[in-house]
């Protein structure tokens, strides 16, 4: 017999009754029933019940074992009595009568339990992550992660993509975040960088003629902590294709992403055909470029109904600035003063002066609008708003006014808040859509200059003609995101593969041809030797998994994550290094300036 086991703790069934077996695993719990000891033995695969009665030669050792000790058990498989069958376990019809127990490794008293869903501080859980990972939910999440990534690989290979690994030590390049830098010992004063993404390498693979590339790519960004991203590193399904339009990228990847969701959604409906929503429409309709389309609320502009009206706050704003707009946020079933007051209080807690509203109710046979706004704009305008928004008795509508670029995020948050409070959001489905036609440039208010809105390597719609003749802030990019349930889960673009167009695009943000050659020399040179039209995307694996398993944050689907302060509490990173190591790297530490 094998030294440690003949079966796993999930393998035994009623057909094994009478067999002598050997199992090894962790003591999940021990129960004493009238002098008979029952041990739930757990391994990676499942749980089997072990029985040790006082007549068993294993009983003496069984009395000593405690939770999370690692033991080996020899014994005979017996059928449980009918009233003792555990239908919650695959092994629930049998139990092992122990003849020998060997303690392979005792365990100290645990700093946190490894069963159930303990409400322990996250830093304790991360410090003892090897224990936390024994919990059933977290263990299951990690195994789901493995299966989802394997399915991604399988699906990409099936449609003709080749997996290539790109370098981890590379050159620093500005891609929207700080680089993690690695000092070179061999080249004093110079640094490598960990890749924020394999962007340039995958484009170089297209120039090299490989046609279809993908990899499960680690990406490293030295960003301030964010709720929707793990500090330090994350993984993406990275891909690139030659001789494609953006339509062909969508047509290729939509079945892959839909298939992944359908395979792991556990029966929840998944969008069959992904909608394509222009960025400008997404902002105006949902107040977000990653809208949760499970929320049926769609905003509309109602500026004309307030122009010249008796509601002077809005009317004066409209009269004084032609760019001012009023947006309406319809709230089906929200037509109670209590709900409207709650929304108004929430808006004030968000730093807003308030949130104007109208709600409709039947007065006899007549449907009337109520609230200060309805009173000020009059019955005719109130009715026109109701008809435009498709509202009825018991419904409400909220209003925001000003410059859309200033208020759209708040309007989107109000839409989300109303949808959640009124239970309008169907949480048991996955709603996916493409957001397309992103702006190529944006105004950087901090530095008072034009900057790239997204990927600087994207192709501007209209090419060189647009760059030379259009207002930069009006230029759109062949840039697209895939969104699901309020999260951006993928982003991509058709690339700018002509060197002269690339240089012109960077000139608009203040970089010269020399700057381009210095910062992106490899890519710039490659484009001068025959570069095919190409494009691709990258899907955030961590976010996809988080959505599919229903985890509340990204740390619940990652093996050994850092905490929100970018500290690895298990391994003690980042840590100080010895003076000798610093000398080898030609690095001298400057005193930390106290703020």
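A Cβ is built for glycine as well, from the same backbone N, Cα and C atoms used for every other residue.
Marked as site 'Important for tRNA non-discrimination' by Swiss-Prot: 33. Its own atom aside, the Cβ of residue 33 (site 'Important for tRNA non-discrimination') has 8 Cβ atoms within 10 angstroms in the protein chains shown.
Around the Cβ of residue 454 (L-aspartate binding site), 20 further Cβ atoms fall within 10 Å across all displayed protein chains. Residues annotated as L-aspartate binding site in Swiss-Prot, with sequence analysis given as evidence: 175, 221, 454, 495.
Summarising the annotation, Swiss-Prot assigns region 'Aspartate' to 199-202. Long-range neighbours of the region 'Aspartate' (199-202) within the same chain, counting only residues 6 or more positions beyond its ends whose Cβ lies under 8 Å from a Cβ of the stretch, are 166-167, 170, 173, 175, 213, 238-240, 455, 457, 520, 522-523, 536.
According to Swiss-Prot, the ATP binding site annotation covers 221, 222, 223, 488, 540, 541, 542, 543. Within 10 Å of the Cβ of residue 542 (ATP binding site) there are 22 other Cβ atoms, across all protein chains.
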Residue 542 (ATP binding site) and residue 33 (site 'Important for tRNA non-discrimination'), distance between Cα atoms, whole Å: 45
Residue 495 (L-aspartate binding site) in three-state DSSP notation: strand
Cβ-based isolation winner (fewest other Cβ atoms within 10 Å) among the binding-site residues 221, 495, 541: 221
Other C-beta atoms that fall within 10 angstroms of the C-beta of residue 540 (ATP binding site): 23
Distance, residue 454 (L-aspartate binding site) to residue 540 (ATP binding site) (CA atoms, angstrom): 16
